[in-house]
Each structure stands twice: as C-alpha cells, then as structure tokens.
Amino acid sequence: MKIQSNNYLLIKLLTLHSLLALSASQDFDFFYFVQQWPGSYCDTKQGCCYPSTGKPSSDFGIHGLWPNRNDGSYPSNCDSSNPFDASKISDLTGHMQSEWPTLSCPSNNGLTFWGHEWDKHGTCSETVLNQHDYFATTLSFKNELNLLQALTTAGIRPNGQKYSLSSIKTAIKQASGYTPWIECNNDSSGNSQLYQIYVCVDSSASGFIECPVFPNGSCGSSVEFPSF
C-alpha cells in the first residue's frame, strides 16, 4: 500500500512538472513577424558588416518570429536544454542566407544571429514549432509577404526620399490585408528612417492576423526610405 502511495505521489509530481513546463512554453497569444530594411540598419552611427557570403540583396530581410502576449509582454529564453543546432536546419541554410541575412559586425555566416533568434524567441514556441519548423515557417511568411513589392507598387521606393507613414501603412495593408506596425531608427545625421515592419501571426503560426497589440514607440509623420 505504501509503495502504491509513493508511486501515486511520483506520478502526480511528474504530471505537475510536465504541466508547468507546457504552460511555460505556451505562454503567448500571437507572434510578431518582423522584417528589417538593410539600408536603415547600415545607415546609422554604428554601421554594419555584410555577411561572409557577400552583400545581401536590396530587399527586406527577416529579423525574427517573436511570441508575444496580448498585454504587450513577451516570453524569452524558454528552454536552455534545447539550444540552437545548425545541423537541424542544414537544408534551409542557403535560403536563410538570402532571406534572413546578418548585418552585425564582425562579418559572419549568420549562425550567431539565427542562434540568438531561436534561443531567445524560438524556444518559447516549442509546443507549436520545433527548431526546423520555426525557421521554415518564418521563411514561408517572408515568401508570402513581399514588403518591397508592396511598397514599390504604391510608388514608395528606397531612394532616400521621405514618405508619409500613413502611405507606407496603407500600401502594406492593401497588399497583405492586415495593419502593420512600423519601427523607425535614425540615420547617421539623426533623420528618422523606415527600419522594421511588424505584422502579426496567430498562435499556431498558421497565418497572418490583425495585431492584438502593437509595440511601444512611434515614428514621425514622414520617414526616409534609404537606398541599399
């Protein structure tokens, strides 16, 4: 009887541990899918370094797919026992080098950038996406939402000119069907420029949705769109 009682207690403890681990890893309501403009990343006081594979194309690059909560907070670094493993995405590497390039210094092959994205954000979505699926799914969203095409179709081009923030948002919403959030940064002269574009993805990572909440911060009424 005592053995059965001990076994029952052990099962209860293991079940509780599993539930706690599951709830921690599922602790989000949606994703931000974030793309960045390389010209704005590089045209800052800190500058940039092209990856070891060479200068990326003049196109928006993926920054990440980030689990977030409806109250504006977000989980991070959820599973140290499952670190980034480049061998798990070896079939995606070529695609990632073109669509998810690193611009950090010193020049590198991107593995550090991708590892950071998985360790900080990807591990918090493990109940939905394993490591390979996390990157493959993010690449598919990039293929689905061509931001540069949406903007150039509306006459908004990366030529160093200023464009109204409302026209940028309208162009992206017309192309995607969803309202984006725009993040700006400052160039080396202090001018506000188009830096990152956020759209939201449902908690199962199956498609775009209207954002339940936007990040903090704002841009001016008009921003530069620098060349690259």
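Start at 1 and count along the chain as shown; that gives each residue its number.
Quick reminder: no glycine exception, Cβ is built from N, Cα and C everywhere.
Positions annotated as active site by TrEMBL: His63 (among others). Note on His63 (active site): other Cβ atoms within 10 Å of its Cβ, all shown chains, come to 21.
In sequence order, His63, Gly64, Leu65 are the residues of the chain that are 6 or more apart from Glu117 (active site) and have a CB within less than 8 Å of its CB. Feature annotation from TrEMBL assigns active site to Glu117 (among others).
Sequence-distant neighbours of His121 (active site) (same chain, 6+ residues apart, CB-CB distance under 8 A): Gly64, Leu65, Trp66, Pro67, Ser76. Residues annotated as active site in TrEMBL: His121 (among others).
Positions annotated as signal peptide by TrEMBL: 1-25.
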